[in-house]
């Protein structure tokens, strides 16, 4: 009894689902029948891919029109899921081929993917024909123009022809505008390039004429030293520690001698090394630093002694 009750409870739900499915199918069949004769899957496919929003007055109407065209193309009431997938793959397969093979395959109107592959293989095996291989495309998003079907519209209405003429005129105007802009920008680009070239040439010439100061200082040869001339005793001005009138005192007399002041020790001055011909400048820098450090060490020792 319990099993029978469960069957009675489940039976109406299954029937309801079947009724809903039949109502949906009949709804689509009524919409398709309102359009008149069935245009065929190929024409429906072209209409679906080339549909534009301008052909509908409202967004909802455009959506309903796309649904009608898709149902006319894929026929979900008669085809299974596998057949619908086969149609979608067959529509996309020619777009990955070369342009020559793509046109030829579409002219043959294959009904399945296997038939399309067989046509391409037979075309490549023909004697005397250059082997056509699909080109490798860069990874990434496919351009929007390749997502649409390249099937040409055979029966184009006046609205489609008007849109095509408007598109062509817009493209020609855009091309003329780009040409004019390029012609106007060419003289200014040439003038700027010549100005940059002139500035760079003048700067290079100045750099070639005037050598650097560092290079001149390093390659300069030292001037020859003059020999020291010693003064005669008793001549010249009087200096501390020197006898006044030395050499001129009368004989038999001794000049008065003054105590000489305590000599102050002279601090050695650092002698900076001068560059010689063929000597590296960094060696001169190192030697100069050594002498400066030596003088600083002597000064520090004297201050500690004091």
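Just so it is clear, glycine is given a Cβ too, placed from its N, Cα and C backbone atoms.
The following features are taken from Swiss-Prot:
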- 45-129: domain 'SCAN box' (DOMAIN)
- 123-136: compositional bias 'Basic and acidic residues' (COMPBIAS)
- 123-171: region 'Disordered' (REGION)
- 188-222: compositional bias 'Low complexity' (COMPBIAS)
- 188-276: region 'Disordered' (REGION)
- 234-257: compositional bias 'Low complexity' (COMPBIAS)
- 264-274: compositional bias 'Basic residues' (COMPBIAS)
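Mean model confidence for the domain 'SCAN box' (45-129) is a pLDDT of 79.
Per DSSP, the domain 'SCAN box' (45-129) is made up of 63 helix, 0 strand, 22 coil.
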